[in-house]
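Chemist: The structure under discussion is supplied below as structure tokens; questions concerning it will follow.
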Amino acid sequence: MCAAGSPIVSALLRQNVLLRAGGVLRSWDPISSSLCPSPCKPNYSFEARAFASDAGASAPAATSQISHPKTVSDFQKLHEATKKKFQSKKLPSDVHPDAVFACNELDLSEVQVYGFDYDYTLACYKPILEDLLYNLAREMLVKRFRYPEDILQLEYEPNFAVRGLHYDVEKGLLVKLDSFLQLQLGSVYRGRTKVEADEVLKLYHNRLLPIAYVEGPNNSYRHNTNSKMVQLADLFSVPEMCLLCNVIEYFERNRIDYNPEIVFHDTRTAMGSCHPIMHGKVMRNTEKYIERNPKLVKFFEKLQQAGKNLFLVTNSPYSFVNCGMSFLVGANWRDFFDVVIVQARKPKFFTDESRPIRLFDERTQSHLWDRVFKLEKGKIYYEGSVRQLQELKGWRGHSVLYFGDHPYSDLADVTLKHSWRTGAIISELAHEIKTLNRKDFKMSANWLQMLTQLIEDTQDDDSEAAQICLKEWMEERDQLRNKTKNVFNEQFGSVFRTYHNPTYFSRRLFRFADIYTSDITNLLKFSTTHTFYPRRGVMPHEYASHFI
């Protein structure tokens, strides 16, 4: 089977996006198409038609038939005919940045209980928080770990990294993997310096990495201490990656010996240790760091009026959550929630059944040792486990829908072990979709697809003329691939895809989340009986095809 007819490409040519705008439900139905002639064999007949831009009007067709090209000129004409056909195509409709995307069918009428994480789910932070975390961790590296003071001069670069990358603790490289564990060449960095493809292949001996190297010998979805790689899967890890790469870059440029694994663990420890300091600064100036979301109260009210139960499970301390929720919802925010659990220590909250739940004393800011026999509305609870939550409230299985931003610590265990339904809040999605909707991106992606098909249909022609043109076309394809990558992020491209495959992050997101969206309040567009329907094997946020 040729590439255009493969399951991956077919999947990328379909989508299902549901949103409600202006009170009218709109749906882009999936479109399945293939650029590959049938049967799949070299075919040099291309027909190029040019259409006028006026609605409903078309110019006389300019048809060019090229069969059995033999000379360089013939192949060049074939390229020109393909490009004319590309230029005649209508580009796809825009995808709505506030839409909700389905990975698995989800009937909200079956959901009685809505659960939420706090950080980057209910509370979304302004970019300045990343600067704060970076600066605090950088200072801690120098003062606590005695790193060179020159590191204090290394500034945060917010556009350097994206979430979902892997750090190779053995080789000291920041890499991007696709869903097949393939390295994306051109997106491998030692410090802030790109590692060229030849060196990457020399280091790894292959572009495709063994699963044990990435995930450890037990192939767990969570990081194993025996694996060589650590995935940085939440938004708090973005400044961590930048600091890590800045420090390594400093060591490399100054020819200072270092151990990549020690630098990683020092950076991670520094970043984790500065969170309490960050909490204090955010509480003193909440508006500076947290984005206001006026729709949040309406969303909670809608769920409450529909008779739904709400609960909050977060790793953050109560004082921090109370400050943020009071800012976002009001002083009475706890009235919306049937259960509030703080410092839950996820993912252990979902995996460790022996940790008892405690009542939190707001006066002493500590927990009480009395055994908890029931979970009461208006009270705050501390640590515990999902087993106790389910037993004390009777909330189980598909009647529970839990939202979080982290595919592993928030969503993996509850869907795999407890059969909860899950929703991921991926704030970068809005930016990604806005980029997908740009005309220049649609044009580049369209032409890349058609040029790749032309190359595929020509590659088995071993004539000198064909090989000369194939070399030129491959160079053009490489330029297009880099162009469609760099428009998202110059170093690592899109969070959701490599050059053509879904990323490792996407694979896990689509596995552990039934639905995903950029903001929790995007669900206001839908009734509490709405059913989200997926299209199997699809990256749902992309448009139906590269052209219509």
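Cβ atoms here come from the backbone N, Cα and C positions, even for glycine.
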Chemist: With the ranges 267-294, 463-490, 519-546 to choose from, which does TrEMBL describe as coiled coil?
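Modeler: That would be 463-490, per the coiled coil entry in TrEMBL.
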Chemist: In angstrom units, rounded to an integer, how far apart are the Cα atoms of D405 (Mg(2+) binding site) and D119 (active site, proton donor)?
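Modeler: Computed Cα spacing between D405 (Mg(2+) binding site) and D119 (active site, proton donor) is 8 Å.
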Chemist: What is the average pLDDT across the coiled coil (463-490)?
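Modeler: It averages 96.
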Chemist: Within its own chain, what residues at least 6 apart in sequence put their Cβ under 8 Å from the Cβ of D117 (Mg(2+) binding site), listed in sequence order?
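Modeler: For D117 (Mg(2+) binding site), the qualifying residues are L312, V313, T314, K346, Y402, F403, G404, D405, H406, D410.
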Chemist: Around the Cβ of D119 (active site, proton donor), how many other Cβ atoms lie within 10 Å? Please give the count over every shown protein chain.
Modeler: 22
Chemist: Tally every other Cβ atom lying within 10 Å of the Cβ atom of D405 (Mg(2+) binding site).
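Modeler: A 10 Å sphere around the Cβ of D405 (Mg(2+) binding site) contains 25 other Cβ atoms.
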